[in-house]
Amino acid sequence: MNNIVIVGLQWGDEGKGKIVDYLSENADVVVRFQGGNNAGHTIVVDDEVYKLNLLPSAVLRPGKISIIGNGVALDPHALISEIESLKVKGVDVNYNNLMVSESCPLILSIHKDKEKLFEDLNGNHKIGTTNKGIGPCYEDKVGRRAIRLCDLENADELNKRVDILLNYHNAIRKGLNYQVVKKEEILKEIQEISEKILSYKKPVWKILNDLMKEGKKIIFEGAQGAFLDIDHGTYPFVTSSNTVASQAITGSGLSSNAYIIGVVKAYTTRVGNGPFPTEQKNEVGDSLFTIGKELGTVSNRRRRCGWFDAVLVRQAVQLSGVSSIVLTKLDVLNSFDTIKICTGYKYSGKMYDYLPASHSIQGELEPIYEEFPGWKENTQGKRSIETLPINLIKYIEGLEKLIGVPIHLISTSPKREDVIKLKDF
């Protein structure tokens, strides 16, 4: 099991960062393959809290190689800022342990401007983006006008790419009576960061293939979750990249068989707008929010909270070919008398065992629940299966039956070491 892909199976914020950090102890390389600094991974090591946005979670482990693949939308200023903030905490990030794909499309201020502009134009129909410029950057990539990291090396090529980029963006800005951007402004923005960011530029696809031939253990670290996937998520309330496991190949350049692990919370959360069948706009939701400290790592927005949705997770398992589940934040459920799991939906007299693609239907689905008795016992920080209450074990067994995949690990706190291995992978 040399290659592992780790993906979220809900709407992100499942705790992937901690799990990647935990598993990377026995890995050599960790690769980010999609998303950008709209992702937020929180890791607690020796009571020190680290919040990562672009950097792979293995950056906190000495001797590991961290790679940012071509599928990532790269904000160069954000990356350098994140590196420098870690150095203040004693974490050494350098061009020997961090490599960035030369093909990464760059996020510039013009992308953030466009995202905010169109969110404002959408009024009450906002997607609820992070305003980090991720979507507009991916638009430019698909439109073949993006500036890539490799373009920064050649002044003539860069000038040409900036002209192409501004022809598009300024046409839109003029049409909306928005101030146009001067070429000198974009060039200055890029030149401020070029020297620092280019020191990390590498042919990542080639390095990964060489590392695989050497027998190195590689973890691919997903961002967001399955139902934020641009194709398979709750469209249009999704992110602008593919978040399912197959994107690990496209977004890194390494084509190989991998063992796929899905990470889920013991309940469900979502940031921003969009359908959420099991959302609890009541005391249950308030309790999950308060106990789980459910604020977005990047946006600092309140996460919407609800019961575990086995229909969604089962669908995500199938979309990503998941073989194993890691269950996080079980300790948040300690105080509940009764815990519910969604096992199906009803809509207009019809039963559904999957999430329909239609946005108009998704927002009207009525969840069908199976109830489980709570365990009413403090499980935070527990590290052995023998110490777990019987009702918690029954809850885990119920989840396994409903989603059709074994749960191998559970997490009982944000701390790195608070993990219980239920089964061998």
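Counting starts with 1 at the first residue shown.
Placed from the backbone N, Cα and C atoms, the Cβ positions cover glycine too.
Here Swiss-Prot flags 12-18, 40-42, ARG303, 329-331, 411-413 as GTP binding site. Residue density at HIS41 (active site, proton donor): 25 other Cβ atoms are found within 10 A of its Cβ, drawing on all protein chains shown.
Mapped onto three states, the DSSP output places ASP13 (IMP binding site) in coil. Taken from Swiss-Prot, the feature IMP binding site covers ASP13, GLU14, GLY15, LYS16, ASN38, ALA39, GLY40, HIS41, THR130, ARG144, GLN224, THR239, ARG301, and the record attributes it to sequence analysis.
The Mg(2+) binding site feature in Swiss-Prot is assigned to ASP13, GLY40; the stated evidence is sequence analysis. DSSP gives GLY40 (IMP binding site) a coil state; it is part of no helix or strand.
Per Swiss-Prot, the feature active site, proton acceptor maps to ASP13; the stated evidence is sequence analysis. Its Cβ placed at the centre, ASP13 (IMP binding site) has 29 other Cβ atoms within 10 Å.
Among the features that Swiss-Prot reports, active site, proton donor is placed at HIS41.
Sequence annotations record features per position, and here Swiss-Prot assigns substrate binding site to THR297, VAL298, SER299, ASN300, ARG301, ARG302, ARG303 based on sequence analysis. Less than 8 angstroms from the CB of ARG303 (substrate binding site) sit ASP13, THR269, ARG270, VAL271, PHE289, GLU294, LEU295, GLY296, each of them six or more residues away in the same chain.
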Check your understanding: If you draw a 10 Å sphere around the Cβ of GLY40 (IMP binding site), how many other Cβ atoms fall inside it, taking every protein chain shown into account?
Key -> 21
Revision key, fill the gap. Same chain, |i - j| six or more, Cβ under 8 Å of GLY12 (GTP binding site); the result in sequence order is ALA39, ALA223, GLN224, GLY225, LEU228, VAL271
Point to revise | GLY40 (IMP binding site) versus THR412 (GTP binding site) - Cα distance in angstrom | key: 20
Practice item. Run through the Cβ atoms and count how many others sit within 10 Å of the one on ARG301 (IMP binding site). Key: 13
Review point. Here are the binding-site residues: LYS18, ARG302. Which has the lowest count of other Cβ atoms within 10 Å?
Key: ARG302
Revision key, fill the gap. Check: min Cα-Cα distance from GLY15 (GTP binding site) over recorded positions ASN38, GLY40, HIS41, THR130, ARG302 goes to HIS41
